[in-house]
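Asks: Reproduced below are the annotations present in TrEMBL:
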type	residues	note
DOMAIN	A:29-366	domain 'FAD/NAD(P)-binding'
DISULFID	A:Cys75-A:Cys80	disulfide bond
BINDING	A:Lys84, A:Gly148, A:Asp350	FAD binding site
BINDING	A:Gly213, A:Ala214, A:Ser215, A:Tyr216, A:Val217, A:Ala218, A:Leu219, A:Glu220, A:Gly308	NAD(+) binding site
DOMAIN	A:386-493	domain 'Pyridine nucleotide-disulphide oxidoreductase dimerisation'
ACT_SITE	A:His488	active site, proton acceptor
Amino acid sequence: SVQAHKEEDNPPKTMEVNVLTPLPDSYDYDLIVIGGGSGGLAAAKEAAKYGKKVMVLDFVTPTPQGSSWGLGGTCVNVGCIPKKLMHQAALLGQALQDSRKFGWQFTEEVKHNWMTMTESVQNYIGSLNWGYRVALRDMKVTYENAYGEFVGPHTIKITNKKGIEKLYTAERFIIATGERPRYLGIPGDKEFCISSDDLFSLPYCPGKTLVVGASYVALECAGFLAGLGLDVTVMVRSILLRGFDQDMANRIGEYMKEHGVNFIRQFVPIKVEQTEEGTPGILKVTAKSTTGDQIIEGEYNTVLLAIGRDPCTRKIGLDKVGVNINEKTGKIPVSDEEQTNVPYIYAVGDILQDKLELTPVAIQAGRLLVRRLYAGTTTKCDYVNVPTTVFTPLEYGACGYSEETAVEKFGEENIEVYHSHFWPLEWTVPSRDNNKCYAKIICNIQDNERVIGFHVLGPNAGEVTQGFAAAIKCGLTKEQLDSTVGIHPVCAEV
Amino acid sequence: GKNEYDLLVIGGGSGGLACAKEAAQFGRKVAVLDYVEPSPRGTTWGLGGTCVNVGCIPKKLMHQAALLGSALKDAQHYGWNISQPVHHTWSVMAQGVQNYVKSLNWGHRVQLQDKKVKYFNIKGSFSDPHTVRGLTKAGKETVVTADNIVIATGGRPKYPTHIAGALEYGITSDDLFWLKESPGKTLPSFSLYVSLECAGFLTGIGLDTTVMMRSIPLRGFDQAQMASLVTEHMESYGTKFLKRCFPTKVEKLKNNRLQVTWKNADLDREESDSFDTVMWAVGRAPDTKTLNLETIGVKTNSETGKIIVDASEATSVPHIYAVGDITEGRPELTPTAIAAGKLLAQRLFGHSSELMDYDNVPTTVFTPLEYGCVGLSEEAAVQRHGSDNIEIYHAYYKPLEFTVAERDSTQCYIKMVCLREREQRILGLHFIGPNAGEVIQGFALGIKCGATYPQMMKTVGIHPTCAEEVTKLHITKRSGLDATVTGC
């Protein structure tokens, strides 16, 4: 049996730990954070503020296509950030068209160059990766680009890209390993299909694309790809945006359909074959109906799978330390203080069971957790009324209950829904759709008509929704909403 | 005898129309008078008032045209191949805007008809407290009598008539939006929000624009730094500023251009330059002169000329009310006029007793980099509570969309003014950045609910947006620390 080194400078190269080994009195670190994403980094930086000795482990297992990225996690590298930038590129395409009606003149033909956009986006992401490394260094947080797994109580083994292993111990751990896209489990999926992990750094234009899935990831990607001028089809097994207000989900789908995105409903792919190699090549997709025996085939340059994400919890040695996970989903159940069933092991972010998969939630949870651990506070993360926005071509911002959930919880007779279509002023002159933007609020009649749900479909939905979320946090009622004067002319005044 | 109408509204603008339509909902007999005295340049327009015709609507549309110009530049960074050079044609934009405004004029007329509100295109004046007399454009006299009368005649731009040539050769916002041809090299004077907004979009569509500024910009708005951040941005955007300058005369040149001479206070000398257009934005004056208010006893403020009203919008004459820009001490904003007009109708005819709440009214200045605010400015908060009793949280942030576009975000800034005690209630919120109006609106609701700083911090952000930065404010001015936001 071997004891772990107290000095972090010269840890032994390979080690074994026998569970009977007595634990050292002092640990290598106060806190080891496994996962350098939104939640992990926020927690690590916060802990460093309180003078704690912190290590962050981050490692990206390359995708089947070989894509990988730097420090920062999903949001920065293959999530929110590149998504919003590409969404912006698509919006600018629309702006170009609008601008002609506002008097701007330029050549009729305007084309989009995928490589120019992707290079700019990747450069920006690179600057963020760099920024995080500098921030960790400045705050004296140790960062290791290595894969971490538990090997025994308070002990973790890390393996870097070269295969070199080290062992470290810590008083506490935070698991923040996040998730990765799910594959279909059909022939050809890993060989020929890409996921969001690959899309944002794709070194060639995806061309004619089939997006499989109806999640917000699927619709956002389909949306901006279409906005950039590509031929896009979305294959949906059943409903759109499961878990979101279905009325709003359908409006989003309708809008996308009217703006050139094809939808194949109630089909699932059963086979993907490559008929031509290339960047991109040509793929043949065979799909089966979910309601009968019908089989269809289609050819695409790219197949993008966006059918869900799975937590990275199966291969990090949780069984060695006894952390319970939901065997079916892989998610980790935690208390309302983000503590797992093992007292010194915590978890934040997308891997948590029954919590929202959002960057700001992970950051908030991570920070508050660390403050409770080291600064003596008692504030818990408030997971209620967390606002969110889906950045589809027509953006959708929401906070609180969907209409269905409100009816289910309070009863139809106890809720009042106020709604309105609106026509953004900026859409008038270029004659853009005049009955698509929509807003609705759901009020609880029995509680002073308190606003319990807010939904808006229109430009800048995120900017609009943020303030309303703050107001809902303050207990906004319909009366207060009515008595607040609008800013004119903006969409939010609706 | 019996009066012909239950309600007569003089002025078919934001406040007037809202009041009239609301009253009609209660089944009342309502009439609206609307008349546009042509500007000195001869510009005139249809039903709907300032906002629709020569205010908010055309302003925001032209602002949008300018923003789209920036979008064209950004687009190239995002991979769109657009051939250079890119031109802007004023007449295409103006026609698009003017057509839309005309559709709104039409829409208002149809709405009045649908609600059975009688509309008279006449210029009215009081002959007695219940009677208004007016002449149509053709010269025919019409007399209207009503139980209740609401004055909502709004305001018109002032001319600095003490400057030689100002009236003869200058235009105002009344004319700018209706110009059929480009205004060319323009001198907006001075630096109220109207001037800055116009200067902003004129610069954005490629015109040579210079703002003449006598003293401070955006009088009435937060001067602690918001106003100067706005003008700083405009300068980097390409708008020229003549600071601490005051025009002395405007003369017409042989080639029909205008020669403007001014006094430069800093250099203590006279300077001059030629322009195609001089636009005055020196404030607006209430349109009450021809109403004959003195004879019926409606009191006005001797300095401003505005009508004095109480909290229920009542004037000094019992059944005569006033709403909108014409009322003393109220914000000159369309939404407040609309809300006040509606509530007034509800109190008169709908058995309501709800008064208009003029506190915490949010607003936005649509300069190239927009500025939205609600509540108190920093100075007002300091004055009211003392600087020891307020805490100011602030941050310089960078909109994500600016990164790839390589745009300068130096002036993107947020400031939240809070009380130090009483759970840190929020007194004011100020935001400079894209879509400022959209950002501020929801927070205004929060402030109406008595939002506190801790509640704001408990609100989770939406990522990635600019608005989320409001929920992440944590650096105080007091601390003196660098308030630049650095990454997630």
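Glycine is treated like the rest: Cβ placed from N, Cα and C.
Remember, TrEMBL labels are computer predictions, not curated facts.
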Asks: Taking only the residues the record lists as binding NAD(+), namely A:Gly213, A:Ala214, A:Ser215, A:Tyr216, A:Val217, A:Ala218, A:Leu219, A:Glu220, A:Gly308, what is the largest Cα to Cα distance between any two of them, in Å to the nearest whole number?
Replies: 14
Asks: If you pair up every Cα among A:Lys84, A:Gly148, A:Asp350, the residues annotated as binding FAD, what's the maximum separation in angstrom, rounded to an integer?
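Replies: Max span of the FAD binding residues, Cα based, is 30 Å.
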Asks: Other than A:Gly213, A:Ala214, A:Ser215, A:Tyr216, A:Val217, A:Ala218, A:Leu219, A:Glu220, A:Gly308 themselves, what residues in this chain have Cβ atoms within 8 Å of the centroid of the NAD(+) site's Cβ atoms?
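Replies: For the NAD(+) site, the extra neighbours are A:Val211, A:Cys221, A:Leu241, A:Ala306, A:Ile307.
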Asks: Checking A:Cys75, A:Lys84, A:Asp350 - which of these recorded positions have a CB within less than 8 A of a chain B CB?
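Replies: Sorted by position along the sequence, the hits are A:Cys75, A:Lys84.
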Asks: Please report the Cα separation of A:Lys84 (FAD binding site) and A:Ser215 (NAD(+) binding site) in Å, rounded to an integer.
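Replies: Spelling it out, the Cα of A:Lys84 (FAD binding site) and the Cα of A:Ser215 (NAD(+) binding site) are 16 Å apart.
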Asks: Over the span of the domain 'Pyridine nucleotide-disulphide oxidoreductase dimerisation' (A:386-493), count residues by DSSP class, listing helix, strand and coil in order.
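Replies: The domain 'Pyridine nucleotide-disulphide oxidoreductase dimerisation' (A:386-493) comes out at 39 helix, 33 strand, 36 coil.
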Asks: Which of A:Cys75, A:Cys80, A:Lys84, A:Gly148, A:Gly308 has the fewest nearby Cβ atoms, counting only those within 10 Å, among these recorded positions?
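Replies: The recorded positions A:Cys75, A:Cys80, A:Lys84, A:Gly148, A:Gly308 were compared, and A:Gly308 has the fewest Cβ atoms within 10 Å.
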Asks: If we check Cα distances from the residue listed as 'active site, proton acceptor', which of the recorded positions A:Cys75, A:Cys80, A:Gly213, A:Asp350 wins as closest?
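Replies: The smallest Cα gap between the residue listed as 'active site, proton acceptor' and any of the recorded positions is with A:Cys80.
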Asks: Can you grab the distance from A:Val217 (NAD(+) binding site) over to A:Asp350 (FAD binding site)? Cα atoms, rounded to a whole Å.
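Replies: A:Val217 (NAD(+) binding site) to A:Asp350 (FAD binding site), Cα-Cα distance: 15 Å.
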Asks: If I take the alpha carbons of A:Leu219 (NAD(+) binding site) and A:Asp350 (FAD binding site), what is the distance between them in whole Å?
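Replies: One finds 20 Å between the Cα atoms of these residues.
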Asks: With an 8 Å cut-off on Cβ-Cβ distance and a minimum sequence separation of at least 6, pull the same-chain contacts of A:Gly213 (NAD(+) binding site), or say none.
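Replies: Those within reach of A:Gly213 (NAD(+) binding site), by Cβ under 8 Å and sequence separation of 6 or more, are A:Val234, A:Met235, A:Val236, A:Leu305, A:Ala306, A:Ile307, A:Gly308.
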